Amino acid sequence: MLNLTLAQLNFTVGDVEGNKEKILKVIDEYSEKSHIIAFPELSLSGYPPEDLLLQPHFLKECEKAFDQIIHHTRNYDVIVAVGLPYYEFDLYNALAVIHRGEVLGIYKKHFLPNYSVFDEYRYFRKGEEPLMIEVNGHKVSFSICEDIWYPDGVERQTALSGAELIVNVNASPYHVNKYSFKESFLKSRAEDNLCFVAYVNLVGGQDELVFDGRSIVISPFGKLVARAKAFEEDILTVTLDLGEAKRKRLLDLRWREGSYGREKVNVKRSVSLPDKEFFRGRIEENPKEEEEIYAALKLSLRDYVRKNGFEKVVLGLSGGIDSSFVACLAVDALGRENVKGVYMPSQFSSKESYEDAKALAQNLGIEFHVIPIKEIYRAYFNEFEKEICEITFDVADENIQARIRANILFYFSNKFRYLVLSTSNKSETAVGYTTIYGDMAGGFAPIKDVYKTWVYKLARYRNSISPDIPERVFKKPPSAELRPNQTDQDVLPPYEILDQILMLYIEENLSPEEIIRKGLPRDAVYKTINMIRKNEYKRKQAPIGPKITSRAFGKDWRMPVTNKFFK
């Protein structure tokens, strides 16, 4: 029997000292009940450290903290696996395996992702050697994140050399539908290699990335043995009968046949550890889609605010669905006492919008201010009229209202050190239906990667918990209220159609003609994609926000601003 502890923790990029202290605390508290304690990928530096990895003094701090962890383990009879940047003639994404003040081995990540949000080739050299140790007569191998996604990679090599447990440490970002696929594929890895697979993941928000945790252990029979909580720190200890791997291999000749002609991996070190208390696997519930997305957005917002030294946020409340939903999210993430809402009516704002914004603020119990912009707008208009003479009201006059509102919000930010939340959604950001330096402005954009139709679904989910958003907000046509009788559909296709086009174009990477063949209207498709192309300059200047789809604007989307291609 082997007791494995997966330390699913929320680390902070660059806080080497704080991250080290978290690691030491877990070692102190869990060494008596564990044979192996595994921490996530690059847990010492935080993930992703990006260009901090190019600073020698940062690497020196990581090395110093690593030495302190090694020293700390001298009095504990437990194996500790810690992720860190490791310099040895070159820089590696590494995993150090330590026992009683001695490094048993350093595993260096083999497969470096360089797609989507990942840039690991920019920083790291690929590792080449596997790492397998023997614990109480059982072979245990280690790997890092991307390595396990390759069916014939290091896990296969060590399994065919007798590994009964593969410990894979991760910093795997969340997006919708990823977890179910990941769990299914990890079960396949365990069944194919006829061994236990333990997958420990990071949890928390880091800029635009969200890490969902949900560390899991799978048996050689493909059975889920243990699963940690979603979107929360969790320490998961489980007792594994590693003899299961041997029993399974005696029944399944694939392992024997697959091992012929393969280069064998030798055991790096053997360690004998005392028997420890039995722990049955705990399987935490997997959240449903709306609950999962909401938890991701909430965690991302909370971590961005707190890790960057803010306490309070301010946002404009328009009486519409986007700002209403973001206000609810902010209250749930930060507490009502830390959220300020500002309603800024113009001559085009309706009485209903004021009533809905006020009702929302009262329901949430947040501080609520009303600052009319009509006279401010008139002062702008009068000054422009002196120079331009006759002015015909058009989109420039609409946008100046949004920019006045942004100035007011940033006054609160500057005066009281509140973080301004942008309430722009993915549908608007995609097609540029947002005012640059206006409603698009902010320090963080919590729904930047949430399609408009999803905003409605998530708001309904939030109202099922507490009905704080007035029902009228769901039913009225969406409008920026920048001119009389305006609705979003004056300019855009219906959101039900628009969002389908956006998903097919952005996430599934289809061409306009391929989208049309899916049954969507030709005019709407070409209009939408032309708007996407023309508004790249806006997206380049948008605040960051959490990635929750398979392809988000930001690190995931690297289109040129100057671009003539359109087919």
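Each residue, glycine too, has its Cβ placed from N, Cα and C.
Residues or ranges marked as domain 'CN hydrolase' in Swiss-Prot (evidence: sequence analysis): 2-242.
Under the heading active site, proton acceptor, Swiss-Prot lists GLU41. Residue density at GLU41 (active site, proton acceptor): 26 other Cβ atoms are found within 10 A of its Cβ, drawing on all protein chains shown.
The feature active site, for glutaminase activity is assigned by Swiss-Prot to LYS109. Remark: LYS109 (active site, for glutaminase activity) has TYR92, ASN93, ALA94, LEU95, GLU120, PHE124, LYS126, GLY127, SER143, ILE144, CYS145, GLU146, ASP147 as non-local neighbours, by Cβ distance under 8 Å and separation of at least 6 in sequence. Under DSSP, LYS109 (active site, for glutaminase activity) is assigned to coil, being neither helix nor strand in the three-state scheme.
Look at TYR115 (L-glutamine binding site): DSSP puts it in coil. Non-local neighbourhood of TYR115 (L-glutamine binding site): empty, since no residue in the same chain at least six residues away has a C-beta under 8 Å from its C-beta. Residues or ranges marked as L-glutamine binding site by Swiss-Prot: TYR115, SER172, LYS178.
Per Swiss-Prot, the feature active site, nucleophile maps to CYS145; the stated evidence is sequence analysis.
Here Swiss-Prot flags 287-567 as region 'Ligase'.
In the three-state DSSP scheme, ASP322 (ATP binding site) is classed as helix. According to Swiss-Prot, the feature ATP binding site maps to GLY316, LEU317, SER318, GLY319, GLY320, ILE321, ASP322, SER323, THR423, an assignment based on sequence analysis.
Around GLU428 (deamido-NAD(+) binding site), a 10 Å sphere centred on its CB holds 26 further CB atoms from the protein chains shown. Swiss-Prot lists ASN399, GLU428, LYS538 with the feature deamido-NAD(+) binding site, giving sequence analysis as the kind of evidence.
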Given the binding-site residues SER172, SER318, ASP322, state which is nearest to LYS538 (deamido-NAD(+) binding site) when distance is taken between Cα atoms. ASP322
Additional residues surrounding L-glutamine, by Cβ distance to the TYR115, SER172, LYS178 centre under 8 Å: PRO113, SER116, PHE118, PRO173, HIS175
Per DSSP, three-state class assigned to SER172 (L-glutamine binding site): coil
The average per-residue pLDDT within the domain 'CN hydrolase' (2-242) comes out at 95
How long is the line from the C-alpha of ASN399 (deamido-NAD(+) binding site) to the C-alpha of LYS178 (L-glutamine binding site), rounded to the nearest angstrom? 38
Around the Cβ of GLY320 (ATP binding site), other Cβ atoms within 10 Å, all chains included, total 21
